Amino acid sequence: MTEAEVGAEDLDTLLDELDYLPGHFHLEMQLNFEPRSPAQLRARDLKLQREGLRQELELVATPQLPAVRHLLGTFSFYLEELGDAREHFLEVARKDPGNLNAWANLAHVYGQLGQEEEEEASAGRLASLMGLEGDPEDAGDPRLRAARCLAEQGYAHGFDVGCASPEERAQVLEAGIALYDKALGYGQQIPIEEKRSWYFTMATLFIRLDGIFLEMGSEEQKRLPAFNRTLALLGEVLKSSDSRHQALAWCYVGMLLERKDTFSTTPMGVHEYGYSGTEPLDCFGKAIEIAKNQPPILNRLAKIFHFLGKQDMAVGTCNMVLAVLTDPELNWQAYCTRAKVRIRAYVHDLERAKVGLGGLPDRNHLACAKADLEEVVKVCPSLRTYLDISQVYYYMGVDAMRELLAVDEAALNQALVFLAKAGELELGDTLPELQLLRGKCLRVQGEDANAAACFKRAVELDDEGSSHTEGFGCLLEALLAQWSQAQLSDGEVGYEVDVWLRHAQGKYPAARLRQELQRVWRGHTEEVLGLARALVAQGRPALVRLLFETMEHEGEDAGGSGKSRVSS
């Protein structure tokens with residue numbers, strides 16, 4: 001064995017014995033695994049996640065800035081923007097020469113760039129900082145360096161890309177929490193405010209994990225220890241001098257107190273940490289009080305309230321922000337969140353009206369949303385804003401109860417204009433929701449062939465495992481419309497349905513696909529029966545079998561339909 005081989009073997013042995021390994025490119029995250037989605041969709045998801053992370057820079061606490069920079073560099077690396085990735089890691093190294101992840105990540109990037117000298121220098125610096133080449137460098141405590149390295153890695157697990165199931169998302173979050181726990185073991189001497197920023201991120205990971213467990217219907221004994229620990233972590237965060245952490249911690253405590261009713265008995269942590277007589281609304285009020293006159297924090301709270309379905313509270317918070325800062329260029333978030341609340345209110349009331357649980361939705365919601373979004377579009381248009389205002393114009397252009405009936409052609413055309421502008425932006429044509437909305441506009445205008453092309457693209461762009469089956473349902477409806485108008489022959493429609501049904505079966509969960517077929521069946525019974533006869537005649541019975549299954553499930557569910565409608 002040569003000297004070089006012996007050295008390499010010694011290094012491998014040493015690395016195997018380490019309790020931790022710096023760098024982001026070896027972490028057990030979907031980001032680092034072989035992509036399961038096509039390159040275009042993978043790039044889209046990375047860029048969207050990166051854009052969201054950039055917005056975090058406005059609010060993130062100073063100790064967590066290196067963690068954000070490392071993630072930005074990692075996303076750039078996988079987007080093959082190696083120069084940009086290198087600059088992110090170099091920026092961390094310049095501000096903190098003892099940052100272990102910076103040197104590990106730089107060594108990886110330099111290796112990909114073929115810059116062997118820089119790669120060796122970075123690896124050497126890392127080895128020296130870790131004490132792998134004798135004594136560690138004098139500057140700084142090696143245990144503190146290890147703690148910060150692990151915390152930065154734990155932070156990354158909150159921004160993974162490519163998880164295809166709740167189980168995978170849960171595993172990634174659990175891994176991130178474990179890294180923070182290990183960081184705390186190394187970091188007894190970490191400054192208290194920095195440690196509280198770790199507690200804050202851990203709490204957010206725990207809350208997201210609990211949400212996944214709720215979604216999966218996990219037993220409460222599996223949720224209980226983490227629930228109690230999250231309350232303890234938030235109790236420490238409430239002692240922080242950082243008003244952002246204080247405000248959001250109160251908001252999260254309110255969220256947890258609302259979730260306590262999902263347990264058969266009140267979790268002990270509620271009593272142990274002093275929340276026995278505390279109402280969730282009190283917590284939300286304290287969060288707003290702490291954040292008053294601070295638009296970035298208020299905007300974050302408004303988004304959380306919107307996500308939680310507390311629409312009045314979200315609008316009130318947006319109004320508070322706009323009273324402090326009215327400029328839409330500087331405060332576009334408040335205008336956009338308030339518009340989203342209005343759109344959601346309209347759609348919610350519309351869905352209830354369609355199943356007979358309420359009157360027609362108030363179209364004033366659309367007028368208010370339009371006014372807010374137009375303020376933003378004038379000064380700082382974005383992909384999301386274009387999509388939102390297109391949705392508003394779409395609903396303004398169609399009859400509330402008969403969506404295929406146009407009531408305002410000018411509004412529909414304006415929706416298509418904004419969708420075209422969205423499509424001109426970098427990621428515009430990669431978003432399934434853009435293709436779906438464009439197809440719906442065209443379908444109302446009688447352009448069924450063009451609409452079908454949009455719906456096909458929406459299905460193609462959907463992630464595997466997605467529950468958003470509306471594009472597939474709209475595609476079936478467009479094909480049925482073309483067939484009933486003799487624009488497609490029996491053979492052509494049979495081929496199209498067969499191909500896209502198989503595509504949908506490989507992409508969407510079976511239960512969601514069945515629900516979508518039920519919706520199409522109920523709305524187009526005569527056409528579906530005619531199509532079934534045509535498919536049987538052509539020797540394509542797959543859809544026919546699915547339709548029979550749909551009818552069976554619908555019959556089984558009929559007795560409980562009232563209950564499901566109320567819950568919706």
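Positions of Cβ are set from backbone N, Cα and C atoms, glycine also.
Taken from Swiss-Prot, the feature repeat 'TPR 1' covers 66-99. When pLDDT values are averaged over the repeat 'TPR 1' (66-99), the model yields 97.
Summarising the annotation, Swiss-Prot assigns repeat 'TPR 2' to 101-133. With DSSP classes pooled into helix, strand and coil, the tally for the repeat 'TPR 2' (101-133) is 28 helix, 0 strand, 5 coil.
According to Swiss-Prot, the repeat 'TPR 3' annotation covers 155-190. Residue counts for the repeat 'TPR 3' (155-190) by DSSP state, with H, G and I taken as helix and E and B as strand, are 26 helix, 0 strand, 10 coil.
Positions annotated as repeat 'TPR 4' by Swiss-Prot: 203-237.
What Swiss-Prot lists as repeat 'TPR 5' is 260-294. Among residues of the same chain six or more beyond the repeat 'TPR 5' (260-294), those with a C-beta under 8 A of the stretch's C-beta atoms are 214, 220, 223-224, 227-232, 235, 243-244, 246-248, 250-251, 253-254, 301, 305, 310, 313, 317, 320, 324.
Residue counts for the repeat 'TPR 6' (296-328) under DSSP, helix first, then strand, then coil, are 26 helix, 0 strand, 7 coil. If you look up Swiss-Prot, you'll see 296-328 marked as repeat 'TPR 6'.
With a cut-off of 8 Å between Cβ atoms, the residues of this chain six or more beyond the repeat 'TPR 7' (432-465) that come close are 36-37, 41, 45, 164-165, 387, 390-391, 394, 397-398, 403-406, 409, 412, 415-416, 419, 422-423, 471-472, 474-475, 477-479, 481-482, 485, 487, 500, 503-504, 506-509. The repeat 'TPR 7' annotation in Swiss-Prot covers 432-465.
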- line: In the same chain, residues at least 6 away from the ends of the repeat 'TPR 1' (66-99) whose Cβ sits under 8 Å of its Cβ atoms read 24-25, 31, 42-43, 46-47, 49-50, 53-54, 56-57, 60, 105-106, 108-110, 112-113, 129, 137, 139-140, 145, 148-149, 151-152, 155-156, 159, 161
Message: Is it possible to list how many residues within the repeat 'TPR 4' (203-237) are helical, extended or coil according to DSSP?
response: 32 helix, 0 strand, 3 coil
Message: Using DSSP, what is the helix/strand/coil residue split across the repeat 'TPR 1' (66-99)?
response: 27 helix, 0 strand, 7 coil
- prompt: What does DSSP give as the helix, strand and coil breakdown of the repeat 'TPR 7' (432-465)?
  reply: 27 helix, 0 strand, 7 coil
